[in-house]
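Working notes, structure below.
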Amino acid sequence: MSSVLYDTPGPRARRRNMILSVVFAALLVLALWWIWQTMADAGQMEGAKWSPFVEGQAWTTYLLPGLGNTLKAAALSMIIALPLGAALGIARMSDHRWVRVPAAVIVEFFRAIPVLLLMVFANQFYSDYTAIESDTRPLYAVVTGLVLYNASVLAEIVRAGILSLPKGQTEAAQAIGMRKTQVMTTILLPQAVTAMLPAIVSQLVVIVKDTALGGAMLNFTDLLNGRKTLAANYANVIPSFIVVALIYIVLNFLLTSFASWLERRLRRSKKSTGVVLGAEDVEDLNAPGEVVGVHGVDAGARAGGDVGKAP
Amino acid sequence: MFDFLEGYDVLGAFWTTVQLTLLSAVGSLVWGTILAGMRVSPVPLMRGFGTAYVNIVRNIPLTVIIVFTSLGLSNIFGVNLGAADDFDTKFFRLAVLGLSAYTATFVCEALRSGINTVPVGQAEAARALGLSFNQVLTLIVLPQAFRSVIGPLTNVLIALTKNTTVAAAIGVAEAALLMKQMIENEAQLLLIATIFALGFVVLTLPTGLLLGWLGKRLAVKR
């Protein structure tokens, strides 16, 4: 076993790696032992603190309804944000200045401010100006906050997806006499949507994680909030945190795996142009900034430029 | 018109946000670099730990981590970071710890992709000179990797700036918490929200522009 960074270990290196492994393992075991001891001292290892998770009561009363709300908020946000994001993304590429500039301002503004601010604002706004009842208000506020933020992130994903398509697609469509709208709706968007799928699924992970903000700050009855009521009943702070964290991890891991499976599949497929927006691109798009580039395409362009400059 | 601002320390709240951001940025940069080193190291156990840590922590919502630092780390495990009696300092430090632990996973992944952009010949040449793994990593590969990931790290920093608002969940008196209090007590909802939103635009936009420019200047030309 070797890598570019180190040689295949000889006898001395193998001994050193062995020692490092043992020391590191000892540290890990020590840390785990300390965690175990402290939990035992605090009474968190007793059977009664864990049994609710086996008996099912904790699930049916607290965790599953919470998880349901988390998924509901995430799904609603994505469904509402997608068309909005597509509209904003396309508007940002418009030929008309009075469409392009406002769209750009909206997208950059909402990407620059924290989701929590948007949620808190929406919550107060609904309480002051609408008749939405106080028990459904947190859901509305969470979804509104997430939609405002994610529509602008999705707008950038859509824009990056369309910009990543080869120029020949537009040119060929124009050459056979298609109008601008036709080029967008029949040629560019369908291809861009396929290229964007992995990025959209990856953004779902971000949305799922952000729903927890509502649970902590707005009393939205999501998974994190379900944990609070659960722990208040059984006094099992640590076990409940571990179980809830595991649920989030499994859920997000499934979404991430699905996204990378999609990405691999699309990269292999011969039908498309082979342009794919992956998870990495999404991470970059979640921060505001004027530069939008697909990793692969960008790198290719740069390499091409260098070749041109070479003496 | 701005009477409602009296009695509220808006600048102080944003200063707390900036402090949270800077301290967590340093913490996550250090811990993230160590994690990245572990993930490419010749010791299988360290590689496994690095991979497991990144994949676990990245998939837990930051809110859960921050709330856990207070209810779990502080209350059950007794980790008070040297400020058991001073609640403000304690929660501030716990928030920095949580933010660093979470953001480090993104720093680690950015650095790892940066390490992949360093041409193979660099590491091979270094090994041919007889440099050890530590020397190859710290003298040859990481300096080049850092310069090529200033862009991605800037995005992580901006995301971190926005993420510091989550510290409001454990009562750290930063911008989002003050905004929540203000809009609950004062009537000027839109005005207050605009002030805080602009505050964050002012914090995040110049960071992106400045570091984006720096990233282009410092990138290793190939």
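Our numbering is plain: 1 for the first residue shown, then up by one each step along the chain.
Just so you know, glycine gets a Cβ as well, placed from its N, Cα and C.
These numbers come from a predicted model, not from an experiment.
As recorded in TrEMBL, the features of this protein are as follows:
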type	residues	note
DOMAIN	B:14-211	domain 'ABC transmembrane type-1'
TRANSMEM	B:12-38	transmembrane segment
TRANSMEM	B:59-79	transmembrane segment
TRANSMEM	B:91-111	transmembrane segment
TRANSMEM	B:131-150	transmembrane segment
TRANSMEM	B:156-177	transmembrane segment
TRANSMEM	B:189-214	transmembrane segment
Key: Highest-contact recorded stretch vs the transmembrane segment (B:91-111), from B:12-38, B:59-79, B:131-150, B:189-214, CB pairs under 8 Å   = B:12-38
Whether the transmembrane segment (B:59-79) meets the transmembrane segment (B:189-214): three or more C-beta pairs under 8 angstroms = no
Ask   = Hey, which bits of the same chain come close to the transmembrane segment (B:12-38), Cβ under 8 Å, at least six residues off its ends?
value = 46-47, 49-50, 53-54, 92, 95-97, 99-108, 110-112, 115, 137, 142, 153, 156-157, 160-161, 164-165, 167, 172-175, 177-178, 199, 203
Query = Excluding the flanking five residues on each side, which residues at least 6 beyond the ends of the transmembrane segment (B:189-214) place their CB within less than 8 Å of a CB in that stretch?
reply = 4, 10, 14, 17-18, 21, 150-151, 153-155, 157-158, 161-162, 175-176, 178-179, 182-183
